[in-house]
Amino acid sequence: MTTINIIRTMIKLLLLVVFLGIVMIWIMTPTKINRQKWLPSIRAKTNSTYFGIQGATILEYTFPMLFIAVLGCVYLHLAKKSKDDQTESPGKKNALLLWKRPVLVKGPLGVVSWIELAFSAMFIALLVWSFGTYLQISFSNITTKSAAKNGEEVWEAKLDSAALRLGLVGNICLAFLFFPVTRGSSLLPLVGITSESSIKYHIWLGHIVMTLFTAHGLCYIVYWAATNQISEMIKWDKIGVSNVAGELALLAGLAMWATTFPRIRRKMFELFFYTHNLYTLFLFFFVLHVGISYACIMLPGVYLFLIDRYLRFLQSRQKVRLLSSRLLPCETIELNFSKSTGLKYSPTSIIFINVPSISKLQWHPFTITSSSNLEPEKLSIVIKKEGTWSQKLYQILSTPSVDRLDVTVEGPYGPISTNFLRRDSLVMVSGGSGITPFISIIRELISKSTTMKTKPPQILLVCAFKNTADLTMLDLLLPLSGTPSDISNVQLQIEAYVTREKQNTMYMDNKNLLRTKWFKPNVSDQPISAILGSNGWLWLGAIISCSFVIFLILLGIITRYYIYPIDHNTNKIYSTSARALINMLLICVCIAITCSAVVFKHKKRNAREAKQIQNIDAPTPMTSPSSWFHTADRELESLPTQSLVQATNVHYGSRPDLKKILFAYEGPSVGVLVSGPKQMRHDVATIRSSGTLLVWIMNPTKLYWEIWRPSISAKAKSTYFGQQGPTLLEFMFPMLFIASLGCVYHHLTKKSNDNGIRSLGKKNGLVRWKRPALVKGPLGVVSWIELTFSAMFLTLLVWSLGSYLQVAFSQITVESAAKHGEQLWESKLESASLRLGLVGNICLAFLFFPVARGSSILPLVGLTSESSIKYHIWLGHIVMVLLTAHGLGYVVYWAATEHLSEMLKWEKVGVSNVAGEMSLLAGLAMWATTFPRIRRKMFELFFYTHYLYILFLIFFVLHVGIAYSCLMFSGVYLFLIDRYLRFLQSRQKVRLLSSRLLPCQTVELNFSKSTGLEYSPTSIIFINVPSISKLQWHPFTISSNTNLEPEKLSIIIKKEGSWSQKLYQILSSPSVERLEVAVEGPYGPTSTDFQRHESLVMVSGGSGITPFFSIIRELIFKSTTMKAKLPKILLICCFKNSADLTMLDLLLPVSGTPSDISHVELKIEAYVTQDKQNTISMDNKNCLRTIWFKPNASDQPISAILGSNSWLWLAGIICSSFVIFLVLLGIITRYYIYPLEHNTQYSTTGRALINMLLICVCIAITSSAVVFKQKKRNTMEAKQVQNLDAPTARTSLSSSFHNSDRELESLPRQSLAQATNVNYGSRPDLKKILYACEGSSVGVLVSGPRQMRHEVANICSSGLADNLEFESISFSW
């Protein structure tokens, strides 16, 4: 890798970082965090005596974009140098190739590529997000009282607020409006877009801008009229917003907008052209309207446009030397200009032309048809006589007496580089004058054919014309001067179609077929040259940098020594309009000074070069093709010695069958270019985009393996990543990218929940999708959203297996099997076995997502790891069925073909059979213990055998190789991060404060926790007690509430299995004073929306009541903090016997303010199913016992392993660990594996082991670094948490529960169990209870036995009660 390429890579990374920062700024701009925290903080640091309040805006919005523009200039300069230093060989791929494929064809934006769609989607999402956030924040502050204070009605206040927000969102569009029309911009080429191809985005941005600004203005007029403030329209305040200036800007914008619609623009182009110059007034009054401080948000685009516009102005002052013209009978002109040899441009570049004798203001763009390599001193364009301007030009050039024509130009502008040579074949499809861009490409390839050692691509030119006369445009394929005999090196085939004529209607020997006119040169005329010289990008970067620095210096001086003294030393405040005028003047002056200095420097150099170019002075001849085209030594070796028109295959009276032509064209890499009418472009784009589907769907198809995969492999398979590069790019990177973005989303959601409380009745968009769709089935209760994803996944599996088998079996015949000494069924068995393994790997790719407890992906679709564990179970079953069938299929195949020794082979390169067998054995050992009966009866056996997943994964990777393993590594990667974070958290023993033992053999454990740890109701935590088992971890629902009990965390454990029995025995021992406990978690939903319901019905069975404790405690807390009414609560709980009723005493925490329960409408209906009367005395002193534990100095409160901003830190770990992995992998592959592979093949096993080691090391390093940083903070916080040190006591219910100031205003002064409506010897009639529930939104939550969950789900999904919204909470896996 050359030094230039290394620098370019570093610049790319820096550009990416800055770009992501800009995106984050735009996303955060409308939020409360930005307004209340970020912006005040930035202003406090930048609001100096030199820049004032606009310093913050310059720093946030102006500087980053200009910094990217400058860096882009440097990058493009290096790219140009790299291109000049080396010739690109065929087959070399462009990294943006796939992103440039068309994805949308017919629509308002025309043909749109993936890269354009990505940026468009991001921009639209930004607009929707900004407007929604602005309105949500502003409307939340508007109430009847606040409106009345201002003498307004609520709708008027909201209209005023909405009008302002429309203007704010319009300014976002305005900030991007000028980038597409900055012709010499360094920003657009960075993403592979040119200014002429992106002009459509300028058009649509303009429409959006004017729609929003017009709505903004009209809303304010309506508001002023409604509030009797119509006089506001003629106010021009000295300070703040100027309404008159805004109205003038809007009028100028409307005048422009009216002429931009296609019908008007095409019919009255001159009117459109002249009115568009009103943009100067629009910008001028817009800045006066909003003030320079706010205008700095949209300044970067305007700033770069002004630089570009002034450079174009300087270039247009010089007349250029027109050498000759060629006039064709099809009323087409070729103009040939003199150019400096230092001017380089790419094929398909354009240049803007102005002919003062026709119009001094009109500029028209034309494609350059010449090649800067084939014709180093000439530049040619082709103009078709169509509009009024081109008609006048044709008339002037047709006049015999004309011998000179004054012309000025701007440009050239075009792509930085073109990669036609990387194609094996080029198919060019043109319509009419659309052939002109292809003339430059063909001339460029003629030039390359003599300088390149490799063979240039084959060319098929498909051109459609209206009539025979247009065929003469093909004569322009060859320039006036050059070496046309070199065309013999180019494989060129031309298929011409004349659509309106059925035979040749033109005599080809006509002497007037093609006329050439030579012009007399003028001393004042100069060759066309680059306005900024050969190093134009560097000079442009210098202009941007220097002009901006000079602007800041002058602004600082004027603000400090002129404006600041007026603002602070007098009673006056400096005028906002005057400040804006000074800023606009300074910007224009700084740009003019720097641009003029650079252009003047290059003008001297260009003048010296112009003297070296020979002046061509020849009479104006009229020559026929025979005298002009053939006598100039133009013999074509690969074509007959006559005009290209006569040598072309011409089809009269027909149109090209583009689908047939394109699909029939063979070759691994075929470039398809189209230029012509809109319909033709759409037809070709539709054909080209017909195969762009999801990677997973296309993975088993022929199209993927024969076209897509080789294309991706050729680009991604480098000396740094080898064969795994494509798989990393296709499968691993996208999922990790989603995971990282998901983390950011969850962080913002958490912040949003922290800053505001959901109001009653606010609906969640996923509510209906969460309704139960299936109740009784292998997956239990399944919601619509789960059913949708499950159906999609099953469809993918069936599609993949079917496609794999169809493609494979179609190639297996009796003859092909016989060649390998096999029977047909044996070949098909071997093929089917392989495909079963491939489909099994698809399942394996998704297997680990549900068990990544801290995953950011599952919450995106409303799932938690504990609720989706059933999908891990069933995915595991499918994986093992497929992989077992894969293994057995191969064993049968080897036995039938007498290759059973293959089972013992461990190949150095390729697939290792022994590793696959060991992986399968480990998987089978796990699988055998996963079936419900075995798992529940021998849970410890299930638990310990499940650790075999480590061996399963290691040997699986060794079996298939790391390149293919990357397909399923995204899930494993996220699981490993989660698993290592859990390991780090589990190393710390936590502080257990107390326990409460109930006679129903239930234990409540109360832990100390840091105040910074927050969790949602129904969250779970995993517990390990080393004195019972060092390996066993068990999940329990958290019954405490993070708000009600900020320093405590509680869980409830029912004595059921052997582990819980041992725990209960330990806590029942009189001598226990301390218990060592380690935890992992908490884990749970990112947010809960229980308060959006009018009523909550909670149905529980046995210990299933525990999740509802946390919900009820949450609502107790909300009752004191929320102004809105909370939902009514009906708790229906079923117990086996009377002793279990004491669990209701755990509704209230050990400490808190339970009197606040008076604000909660709570009704409890308890059902004791196996007792017909109360069989336990509630006065028994041992009814509820509390044990306090002695603290240990080494114990720590439970805290979030990644701190309060855990989602952001998790995203940081994912991104940084993956980047470090790629860097290390690249270094090792390039400098260790790559050199070995060129002498001998490097071991597949060795490569796999290195990759697995690198992944583990990178995850360990990044995770440890973040956890270590957070651990220090947690240690400091732990010192602030009070240590509870009390003797171990056993207290009766009266002393523990009632003497702690626990008076319930809404219930009698006794235990909740005694105050509850208890129904003995019966079960609840759930159908009757639920159907009787009133209200528009009734949340139904169920936690308990499977039969109970299914019964409630059936009732809610029956459709008889639309107000019931079901949610199941289950931990019985």
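Glycine is no exception: its Cβ is also placed from the backbone N, Cα and C atoms.
If you check TrEMBL, you get these features:
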DOMAIN    315-419  domain 'FAD-binding FR-type'
DOMAIN    985-1089  domain 'FAD-binding FR-type'
TRANSMEM  6-29  transmembrane segment
TRANSMEM  50-78  transmembrane segment
TRANSMEM  201-226  transmembrane segment
TRANSMEM  238-258  transmembrane segment
TRANSMEM  278-307  transmembrane segment
TRANSMEM  537-558  transmembrane segment
TRANSMEM  578-600  transmembrane segment
TRANSMEM  727-748  transmembrane segment
TRANSMEM  781-801  transmembrane segment
TRANSMEM  908-928  transmembrane segment
TRANSMEM  948-977  transmembrane segment
TRANSMEM  1207-1228  transmembrane segment
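In the predicted structure, the domain 'FAD-binding FR-type' (315-419) carries a mean pLDDT of 86. If you look at the transmembrane segment (948-977) against the transmembrane segment (727-748), you find at least three C-beta pairs under 8 angstroms, all six or more positions apart, and that counts as contact.
Of the ranges 50-78, 238-258, 278-307, the one with the most Cβ pairs under 8 Å to the transmembrane segment (537-558) is 50-78. Sequence-remote contacts of a segment are chain residues at least 6 beyond its ends whose Cβ falls under 8 Å from one of its Cβ atoms, and for the transmembrane segment (201-226) they are 108-109, 116, 120, 127, 156, 159-160, 162-164, 166-167, 169-170, 173-174, 176-178, 180-181, 232-233, 243, 246-247, 250, 253-254, 256-257, 260. Helix first, then strand, then coil: DSSP counts for the domain 'FAD-binding FR-type' (985-1089) stand at 13 helix, 40 strand, 52 coil. Note: the stretches the transmembrane segment (727-748) and the transmembrane segment (238-258) are not in contact (fewer than 3 CB pairs below 8 A, sequence gap of 6 or more). Counted over residue pairs 6 or more apart, the CB atoms of the transmembrane segment (50-78) and the transmembrane segment (278-307) come under 8 Å in at least three pairs, which marks the two as touching. Using a Cβ-Cβ cut-off under 8 Å and counting only residues 6 or more beyond its ends in the same chain, the transmembrane segment (278-307) has close neighbours at 52-54, 57-58, 61-62, 65-66, 69, 171-172, 174-179, 181-182, 185, 187, 240-243, 245-246, 248-249, 252-253, 255-256, 540, 543-544, 547-548, 576-577, 579-581, 583-584, 587-588, 591, 595. Summarised by DSSP class, the composition of the domain 'FAD-binding FR-type' (315-419) is 13 helix, 40 strand, 52 coil.
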